[in-house]
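First the structure, in the form of structure tokens, and then the observations on it.
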Amino acid sequence: MRINPPTYGSEISSIEKKNRGCIVQIIGPVLDVAFPPGKMPNIYNALVVKGRDTEQMNVTCEVQQLLGNNRVRAVAMNDTDGLMRGMEVIDTGTPITVPVGGSTLGRIFNVLGEPVDNFGPVDTNTTSTIHRSAPAFIQLDTKLSIFETGIKVVDFLAPYRRGGKIGLFGGAGVGKTVLIMELINNIAKAHGGVSVFGGVGERTREGNDLYMEMKESGVINENNITESKVALVYGQMNEPPGARMRVGLTALTMAEYFRDVNEQDVLLFIDNIFRFVQAGSEVSALLGRMPSAVGYQPTLSTEMGSLQERITSTKEGSITSIQAVYVPADDLTDPAPATTFAHLDATTVLSRGLAAKGIYPAVDPLDSTSMMLQPRIVGEEHYETAQKVKQTLQRYKELQDIIAILGLDELSEEDRLTVARARKIERFLSQPFFVAEVFTGSPGKYVGLAETIRGFNLILSGELDSLPEQAFYLVGNIDEATEKAMNLKT
């Protein structure tokens, strides 16, 4: 069990001192390599295939099994096209090692920590291996505290835990990317923190779109790259399963350095955690393991736990993780999402219905949940106000069928008042984002939690019943809503 923070530094020894073996079998992305007796590499060591004669291959593999007879089985992190039996393989003597620290900000990396954005080499003076122990119990910060994001609907109805794990659910086109970018922007401005984005097994186009939008919104500063607020690590769905299985660990290793050495608060995004499980399932089958339920790997819980347990708060800093969760065939009992749910502290569900109404962020206030929304953690006032808001919205939801058939006039006076307040609440949950300024022309707003609670209390108390509901749409705090109402009257 590791007690002291890890040491970071140049961890690769010179090539001359390394063990050399040769390929004896290739089955797709899996290689069997023979080494001299007594020179066997350790499990998880990185092996590099150098090619023959003048042919430079540079295919990196990771040792997964020791087979006996001085052979190991390794999984490739790159394409294995062009590899042949008999090619020389070098044991690096260490697991995959990636650059960490400030030089990673504003750059895009692959699973091996190599920059893939054509902006030249990255400073590799400070590096770290991707396989590490979770922090020891005595290092953990066990105090429950809210991680304020400045986004009203999140902080008020489904608050994030500092050092916690949040599941992000939502289909295409409901504002997932914009929400992620706003969180990256707000953690940098309000907490002096940084973010790491791990693209695990998703579309290359989506990764490119995210990068372009980040440049447009200023999250990545092209002119002064060190001013950027995020490092990007991609292992997209066209890559071998080994790369997709390990890219989450590469992103996490970069985040751990910011937490342990720079003592910062870090946001780690993983998109998509299901693809991490899927890649592990592919690798497991390639290695000949007996599949478990629904064809998943027998080590599913162990693999998920080894990733998730490293995401936590320590006395130095915190890693708060937001993980997009794909639910195959909408089956929440599928082993992949079911194993993920066991680790989550909160869920943020994006609703297509709210997005269609133009309410952004389109976070569903009734479906999103958080274990932090308890009176002993958030306080009585916050808890009571949140419950009243949810009750009002739930009643509005129940009345919508009656309104659609009979109209508002058929409702009782009390129900009409509930509907009016619920519509104001729904609009007040929307908010202009800093990263969307370039598209909307409206300046972004960061709203503190105390301001948010005050605003909802005023709506629930009936003090603002006379204001039109459009005054509450896309504003920051409640004072802006009253000001907007005055402007609408004039």
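Every residue gets a Cβ built from N, Cα and C, even glycine.
These figures come from a predicted structure and were not determined experimentally.
According to Swiss-Prot, the features are:
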type	residues	note
BINDING	GLY170, GLY171, ALA172, GLY173, VAL174, GLY175, LYS176, THR177	ATP binding site
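Sequence features annotated in Swiss-Prot and their locations in the structure.
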residue: GLY170; record: ATP binding site; Cβ within 10 Å: 20
residue: GLY171; record: ATP binding site; Cβ within 10 Å: 11
residue: ALA172; record: ATP binding site; Cβ within 10 Å: 7
residue: GLY173; record: ATP binding site; Cβ within 10 Å: 11
residue: VAL174; record: ATP binding site; Cβ within 10 Å: 23
residue: GLY175; record: ATP binding site; Cβ within 10 Å: 20
residue: LYS176; record: ATP binding site; Cβ within 10 Å: 22
residue: THR177; record: ATP binding site; Cβ within 10 Å: 16
- [ ] Determine which residues of this chain, when GLY170, GLY171, ALA172, GLY173, VAL174, GLY175, LYS176, THR177 are set aside, have a Cβ within 8 Å of the centroid of the ATP site's Cβ atoms, and list them as they appear in the sequence.
- [x] LEU350, ALA355, ALA362
Open item on the list: When DSSP is mapped onto helix/strand/coil, what comes out for THR177 (ATP binding site)?
Closed with: helix
Open item on the list: According to DSSP, does GLY170 (ATP binding site) sit in a helix, a strand, or coil?
Closed with: coil
